[in-house]
Ligand code: SF4
Ligand code: SF4
Ligand code: SF4
């Protein structure tokens with residue numbers, strides 16, 4: 001289904017109620033297991049807070065952030081799960097010169113590694129800093145949360161949503177917005193009156209409810225305008241990526257050649273290894 005035909009009110013959406021998150025990190029573990037992502041070396045205190053690992057990476061598609069704050073003279077913790085926001089109109093997709101990202105009719109924004117040429121424009125364009133590069137590889141591609149598309153298209157909920165005991169509700173976007181508004185009206189003392197993701201970046205399929213003001217929790221202020229309308233303008237200002245139509249085509253050709261060359265070298269190396277056995 002083309003992006004133009006998507007009914008955004010029905011796309012599958014995460015409602016993450018940070019006031020109910022216990023910081024158990026079951027979602028982090030479930031994501032690692034489902035996606036068979038390797039563990040990373042971590043330390044207890046990272047300097048930024050108590051979250052572990054210290055950042056999202058090619059091996060970590062979601063992470064529970066810990067934020068300590070003071071309320072009525074008491075120390076309190078807030079926890080919230082970071083992940084790809086699966087934007088309605090994704091900047092990563094709009095800027096990719098070879099169409100490696102796709103907004104699906106079900107909701108997740110998926111990545112087609114076979115198309116990717118490793119140019120990293122998506123990493124510059126994403127307002128949430130989500131796509132990560134495979135620095136550990138000879139020909140790095142991009143990694144990010146898949147929205148568990150293989151599960152969702154078969155009628156299952158994402159692995160992290162299934163594992164979460166308290167904080168994640170998953171369902172059609174219009175129902176998740178209604179549910180969020182219902183909770184805010186029922187408990188005005190418990191929630192700040194904002195659903196983060198309802199309008200940010202033109203709307204996303206990950207929504208957050210919080211008890212603290214968003215800036216105190218470290219949520220990025222993001223424009224409400226869909227970002228694809230100006231991602232190319234922004235990219236032109238990035239040093240080293242000054243793009244003209246001719247320049248873009250040359251870059252794509254260069255990246256494609258590099259990709260083919262590295263693949264060929266990898267195949268030759270594999271054949272040599274097999275020949276030695
Ligand atoms: S959060 Fe970033 S990577 Fe995820 S869909 Fe939006 S623009 Fe793309
Ligand atoms: S939706 Fe799937 S890939 Fe994304 S954070 Fe959850 S478990 Fe990981
Ligand atoms: S599984 Fe749920 S409660 Fe546990 S850390 Fe993740 S979002 Fe919070």
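Count begins at 1; order follows the chain as displayed.
Cβ coordinates come from backbone N, Cα and C, glycine included.
Where the annotation comes from TrEMBL, it is an automatic prediction and has not been curated.
In the record from TrEMBL, residues 84, 87, 92 bind [4Fe-4S] cluster 3; the candidate from 31, 126, 148 listed for the same site is 126.
From the candidate list 145, 164, the residue TrEMBL records in the [4Fe-4S] cluster 1 site shared with 21, 24, 27 is 164.
Checked against TrEMBL, the range among 234-255, 256-277 recorded as transmembrane segment is 234-255. Comparing Cβ neighbour counts within 10 Å across the binding-site residues 24, 27, 116, 119, the minimum falls on 24. Looking at residue 145 ([4Fe-4S] cluster 2 binding site) and residue 87 ([4Fe-4S] cluster 3 binding site), their Cα atoms lie 12 Å from each other.
Sitting within 8 Å of the Cβ centre of 21, 24, 27, 164, and not among those site residues for [4Fe-4S] cluster 1, are the Cβ atoms of 22, 23, 25, 26, 64, 79, 81, 160, 163, 165, 166, 167, 168.
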